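Read the structure below first, then the notes.
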Ligand SMILES: Nc1ncnc2c1ncn2[C@@H]1O[C@H](COP(=O)(O)OP(=O)(O)OP(=O)(O)O)[C@@H](O)[C@H]1O
């Protein structure tokens, strides 16, 4: 078939399918607003169907795969889209949802005539692929048809022209879905079964965040009868990042998933009994002044987040367990005695997995009931006697220890176990702050863990947990999150090479993988970077390489762009003028939708922002508590840009004074934010991280 007639056939089919979708949308009818519960449920289902059809109306499908099952006479075309659509009368599938088992063929197929299989609910299905086709539909009109495989005609591995086209586009202020171009290695992760903890170590721009969001959409589809969006949670580093990723899930037809930061979530779990100490901005402490590697690795946050510290907390909780059983008998009036052995019997038949304070509460109630039954059995009605006995009861129950999380943590910090791990000064400061209900971020993991062990979870357990930028998490944080699930079902993603928060995070993944049972986890590595051009990736790889051995370079996709530029100036004034000139030049070209000027510190960013304002150039200056990211021209400290991406990036202070020898990861993060264009400026000598070779 000629290319032209293939295009015409596909265009005609698109029209047919769009007609179907529009008719089905019209048939949904008016919204029900009454009080009938059944009708309300039906209305909810209609709304969900309407949302799916609206998604399909924007772009009915993006791919076609012709698959011939073994023992069938003909290949069957399958059209893959964001939402499945069936014919209104025949119920034949016009569009297959990208998450359906058969759609995995579209992503897993990489050329060749060999048989291929997919896992259907009925078991493994084997067959052969006859055609793999990408279709681009915009505003209901078919714009492009690209065949990446035709059986018998081409026998080369699939070259993804479509992917390169998508990657070459400019970005706005939101991350977007990638359903039409999910790569084989990403698809494998997305479709991993539910009851696993999936670790993803991926280089910058390898699609970790995107993959995790698609995995949520996949899980909700695949396990629709078992899991619910309201029982899923995504942890991201800050509010601005959450704003940046907020468009992906709705576009995939997913709503209601809690998206939060660890600190906010932890404060909620502690029922707001503590607040974060605003006066100590830990980011400013670690990033506004040069800090040594030793300072970072010996920081109290690393100790408080460690498994050793968690074990010390466990020992204290274990001790507490043993105090639940009173040593003395309870004698409310002479001759009426409850022996510890009887209390022990009650405790033995109880569920010992219940949190301590719940068991304590139950025990106190049990003792009260025992007293009531004794009164009845002995027919005692003497009021003064009873009130005396009640006073004894209260005194007796008070002796059974009772703690808030904050009290137990403070008590523990004052004990010998903690003294072995944490310096006295730091412990004293924490105890003092806790008296005023103030905590540092590093105290939240122990506090939440103690809270959960003492009181249990104050909400339904989570069906799935996603942790982005997990290299900045501690084992202790994960231990707490594990207590919020029945089975560990988590997606934990990050990049050690971007581990700039070493004062709180991990140095290697085993620190986190050890938290989970080896059988219950999968570990994946993503090496291909999709964000940046080859030139930018190769440049960033050399920055990483300057840090010595053990680094894993990112593998670029074959997308070539402009060379990375470096300009060195003697005078500060010249550097600032060049920064403004560069941005104005980029803006006048009109080829970039998002531009970022990055600098090492917030102070350096303020200087730049003032200069841009003087020159009348509108820019938004990002600060650490920023809630939203608006796109356009942004000035942002490198450490706050992690996770974000921009069409063009100017690193305004790549000099030795700003980026010291320990700042390789930070500079790597900064460089890898750029999609198409990267330029670096320095006043005085360039940072050593950009070695002589780069300056040529
Ligand atoms: N298969 C793909 N098809 C098209 N674009 C992709 C694909 N995978 C990733 N991308 C794009 O690459 C960019 C980087 O993705 P993402 O932010 O998810 O990566 P990341 O690994 O989380 O990056 P970082 O660690 O640097 O924050 C995004 O623009 C995303 O749309």
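Cβ coordinates come from backbone N, Cα and C, glycine included.
TrEMBL annotations: computationally assigned, not manually curated.
Residues or ranges marked as ATP binding site by TrEMBL: 202, 203, 204, 205, 206, 207, 208, 209. For residue 202 (ATP binding site), the Cβ neighbour count at a 10 Å cut-off comes to 25, with all displayed protein chains included.
Per-residue confidence over the domain 'UvrD-like helicase ATP-binding' (181-533) averages 90 (mean pLDDT, predicted model). Residues annotated as domain 'UvrD-like helicase ATP-binding' in TrEMBL: 181-533.
Listed binding-site residues: 206, 209; maximum Cβ neighbour count within 10 Å falls on 206. If you count neighbouring Cβ atoms within 10 Å for each of the binding-site residues 203, 204, the highest count belongs to 203. A Cβ distance below 6 Å to any atom of ligand 1 is met, among the binding-site residues 203, 206, 207, by 206, 207. Listed in sequence order, the residues 495, 526, 529, 530, 531 complete the 8 Å Cβ shell around the ATP site centroid, once 202, 203, 204, 205, 206, 207, 208, 209 themselves are left out.
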